[in-house]
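Listed features, source TrEMBL:
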DOMAIN    41-290  domain 'G-protein coupled receptors family 1 profile'
TRANSMEM  26-48  transmembrane segment
TRANSMEM  60-79  transmembrane segment
TRANSMEM  99-120  transmembrane segment
TRANSMEM  140-158  transmembrane segment
TRANSMEM  197-216  transmembrane segment
TRANSMEM  237-260  transmembrane segment
TRANSMEM  272-292  transmembrane segment
Amino acid sequence: MAQKNLTRPSEFLLLVFSEEPELQPLIFGLFLSMYLITVFGNLLIILAINSDSHLHTPMYFFLSNLSFVDICFTSTTIPKMLWNVYIQSQVITYEACLIQVYFLMLFAGLDDFLLTVMAYDRFAAICHPLYYTVIMNPKVCRILVLVSWAISVLHSLLQTLMVLRLSFCGKLEVPHYFCELNQIVRLACSDSFPNDLVIYITAVLLAGGPLTGIFYSYTKIASSIHRISSAQGKYKAFSTCVSHLSVVSLFYCTSLGVYVSSAATHSSQSSATASMMYTVVTPMLNPFIYSLRNRDMKTALKAFFRIAAIKRTLERLPTPVFWSGDFHGLSMGSHRVRHD
């Protein structure tokens, strides 16, 4: 029997983790723990940077933006997945799926651009230290972030509008725990060649371009570090880049793993594992990488916790109402002494 084309389907089915229901409580606890660690870890980074005036520099300005984006990136997929596991459902509506596609592309693009901007910041700091404050002034930093947002918004809007032109038919089963763009396009019954073309072109431009910029920046950084005569100077310059290099490697390796596993295998489990590394593990590890490898960040976090502990202790103290009466009595006594 011929299947009827559906221009606007009502829902999709997310199939990952549904084949083994006895493991769902373990999966729910694991993803909930990782999600909470991601949110609170990145939130602590933002609060520590905002509370410490010593960290009001371009590098930490970009880091606070990256932490905010990581929270949003993870929140796009994990809460819905947790809810589906909790109610034992596989359904996501067509509208919710499009919203996931839009925000996933938005925050993934922002991650990419912010990492590139942070590489440029390290390039300016190490290769042009005398002009660093001129090159990376507050206005330039804000413009770089705004441009990153603008390009990411336009890109995600383009990809979402391209999905809207597709027609779907039959059972719409997505072998993921979220609506991944490539998987949605594969389910289409209509011609998806324009979608594939847009995906590949934008991937080359918006992923290859920033990666080229990062590679160029670190080539110049390595050349500048090599010209430093003292070993201590080389170590100090390189240590400012270690955290960023670690995050860049993690981000691009997991991103590449998603698309390689998606193209090379039809196993939903292997593809979902690669996607989990990309959407959950990387944002969760970023706060640990930047806090454990960064002395300034560790100092700021310790100061933040110390201040929070002092405020909490002061709030628990009883209100000293009786001081007013004693002070009045003491004043009257002192008047009597002077009068006598």
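Placed from the backbone N, Cα and C atoms, the Cβ positions cover glycine too.
Owing to the predicted nature of the structure, the values given are computational and were not obtained by experimental measurement.
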Result, the transmembrane segment (99-120) in contact with the transmembrane segment (237-260) (3+ CB pairs under 8 Å): yes
Spatial neighbours of the transmembrane segment (197-216) far in sequence, C-beta under 8 Å, 6+ residues away: 109, 112-113, 115-116, 119-120, 151, 155, 158-159, 162, 181-182, 185, 248, 252, 255
Maximum Cβ pairs under 8 Å to the transmembrane segment (140-158) - stretch from the list 26-48, 60-79, 99-120: 99-120
Average model confidence [pLDDT] within the domain 'G-protein coupled receptors family 1 profile' (41-290): 90
